[in-house]
Structure formats: structure tokens, C-alpha cells
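A quick write-up on the structure given underneath.
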Amino acid sequence: MNALPPAIFLMGPTAAGKTDLAIELSKVLPCELISVDSALVYRGMDIGTAKPSKAQLAEYPHRLIDILDPAQSYSAADFRSDALAAMAEITARGNIPLLVGGTMLYFKALLHGLADMPAADAQVRAQLEADAQAYGWQSLHDQLAVVDPVSAARIHPNDPQRLIRALEVYRVSGMSMTAHREQQTAQSTEAAASGRQQLPYTVANLAIAPADRKVLHQRIALRFEQMLDQGFLDEVLALRSRGDLHSGLPSIRAVGYRQVWDHLDGKLTRDEMQERGIIATRQLAKRQFTWLRSWEDLHWLDSLASDNLSRALKYLGSVSILS
């Protein structure tokens, strides 16, 4: 019997069928589901994220879905903290945490840990907010561009939360947020290479995807078309009508949302929006495969197989997760 409690990772590219398999597993195992998806954390973003339906979530609850407003930011460190808390609660009930999703950075952060970012400093933050009031947010963004051009390129001038945090990190530590993240990545990669795990669980790693990449591309295109038929444009229109969201926010930069937003801005025709949305989703899947190829002890399942549940259960039994 393992000294550490069990956990299951169910990973894979977008449109591979992860959610359906996770639900099937939860029907026959003492599992509770935790979402590992950087877009599903946002409320009001249902169609474009292929979020499980309200009926599915009512019957098979997922932790870490609909926990944030789209105006907020969410980091890998935030996820790790939230996921560890959820896993501890699930384990305390005698159940198995089943983490399902495609945000591979989150899985890696959970498994191998992250170096700590500098803590918030109230005095520094107050000074930055005062500067913003006096000189405007663009002035702070210009400051960030000097000390951390990489962060400045990805943070919109109208995203005060992330802008202040990036400048705060630099002023408190003397290192840019980009440098800290590079350090985190290096330490996490070193931990992975050496087999050092920072997660107090015995983890079984499952991945699901079509064996033929062309099939995945077809599924991605079909799903994007279905999203449009289901009212994806209306969903983004509702987000725009709030007046406090913009294209620089992490939520709006999510695959699909960015392209629809640009279409509604008049930058893309509908056909261009659809084509670019599908291409962006395929590029996301390619990045996910790149992460998965380097993942150790990964058991693959074919999305098109009819017996994935029994195959998954057989594997979980073979690695003593179910003992």
C-alpha cells in the first residue's frame, strides 16, 4: 500500500474528450473532479471554453470552474494553491482527486512546484497607485516597458491589477517578473529532470487524444463551428457590453475569444475570425502535445476507442491507485 494518498491526472489536447472520460471515471470510482483549465475559471465564459453544461456540473461538480470574474487574473501559483487545498479536502473525505484539463503549465506547477514570487508590499503598492492617479496608467506601463519589456508586451495598460503586480515585483526584489518566471521554469524543469516531485500524492498520469492528428483537427474545426451556432458571438457581446473588459485581459486573450473580440472590433470578417479561431486552437493543441511528449510515466488512450473507461481502470489498477 502506498504511503502517499492517490491522485489521478487526466490530460490531453483540446477537443480530445477529457471531460467525458473524467465523468465516466467519476461514476465508478470514489473520485471528485478538479478542473485544470486557465479559461474555465472564468464566469460568463461558457460556450467558447466548451465548459461542461450546467446539468453536468450539477451532477458531476468540478472544482475551480466559475471561480473568477473575467476582469481578474489567475496565475499558475494561484492554481497550485487552490488545487492543493481542494485535493486535501477530497482526500480527507476518503476520495481520490481527479484533475482533468489541458493547461499543462498548471499540471507542471502542481507536480513540481514553483519558486515563490516576492510577497505583496502595501507601501510599494500604495505608491504605485498614487503614481497612477497622478500620471495615468500609461505612465506606469511605460515604466514597466523599461525594466521588464516582456511583461509590458503581454500586460495591457488598462490592466491595473497585473501592471501594479509586475512593477511591485521589480521594486521589491530588484528582479523583473520575467526573470522570476524564468527562474521558476528552470527550477521546475530541474525538478522534473531529477524526478523530484513537490506533490504529496501518488499520481497516475492518463492522457487522451485521437491517434490520428487529422482527426483532432477535424474535431477542433467542428467544435468551433458548433460554438458559433450555440451563440459564441452573443456571449462575447455580453462580455463587451460590461464596459470594463478589454482585449489585453487574460480572459479575453483565451483562444477563440481573442478572435471573436477582434471580429466584433471590425478587425476581422466572420470568415477570417472562424479560420483564425480554428488555427489558434490547433496551435494550442500542438503546444499541449509538446508538453505531453516530455511527461514521464504517461499512459495514453485513443479518443476514438470504445473501451477507454475499462482501459483507464485497468491502468489505474496496475499502478495501485485503486488499492
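The backbone N, Cα and C atoms fix where each Cβ goes, and this holds for glycine too.
What Swiss-Prot records for this protein:
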type    : residues                                               : note
BINDING : GLY12, PRO13, THR14, ALA15, ALA16, GLY17, LYS18, THR19 : ATP binding site
BINDING : THR14, ALA15, ALA16, GLY17, LYS18, THR19               : substrate binding site
REGION  : 37-40                                                  : region 'Interaction with substrate tRNA'
REGION  : 161-165                                                : region 'Interaction with substrate tRNA'
SITE    : THR103                                                 : site 'Interaction with substrate tRNA'
SITE    : ARG125                                                 : site 'Interaction with substrate tRNA'
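On the structure: features taken from Swiss-Prot.
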residue	record	Cβ contacts under 8 Å, 6 or more apart
GLY12	ATP binding site	LYS18, GLY102, ALA207, ILE208, ALA209, GLN288, LEU292, SER303
PRO13	ATP binding site	GLY102, ALA209, LEU216, LEU284, ALA285, GLN288, PHE289, LEU292
THR14	ATP binding site	ALA50, GLY102, ILE220, VAL255, THR281, LEU284, ALA285, GLN288
ALA15	ATP binding site	ALA50, LEU216, ARG219, ILE220, ARG223, THR281, ALA285
ALA16	ATP binding site	GLY102, ILE208, ALA209, PRO210, LEU216, ARG219, SER303
GLY17	ATP binding site	ILE208, SER303, ASN308
THR19	ATP binding site	ALA50, PRO52, GLN56, VAL100
THR103	site 'Interaction with substrate tRNA'	VAL36, ASP37, SER38, PHE79
ARG125	site 'Interaction with substrate tRNA'	ILE164, GLU168
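Each residue in GLY12, PRO13, ASP20, ALA50, GLY102, ILE208, SER303 lies on the same chain as THR14, ALA15, ALA16, GLY17, LYS18, THR19 and has a C-beta within 8 Å of the C-beta centroid of that substrate site, without being one of the site residues. The ATP site is set by GLY12, PRO13, THR14, ALA15, ALA16, GLY17, LYS18, THR19; from the centre of their CB atoms, other residues of the chain with a CB within 8 Å are GLY102, ILE208, ALA209, SER303. Secondary structure by DSSP for the region 'Interaction with substrate tRNA' (37-40): 0 helix, 0 strand, 4 coil. Here the region 'Interaction with substrate tRNA' (161-165) is broken down by DSSP into helix, strand and coil counts: 5 helix, 0 strand, 0 coil.
Under the three-state DSSP scheme, ARG125 (site 'Interaction with substrate tRNA') falls in the helix class.
Mean predicted confidence for the region 'Interaction with substrate tRNA' (161-165): the pLDDT average there is 88.
The local packing around LYS18 (ATP binding site), expressed as other Cβ atoms within 10 Å of its Cβ over all shown chains, amounts to 24. DSSP gives LYS18 (ATP binding site) a helix state.
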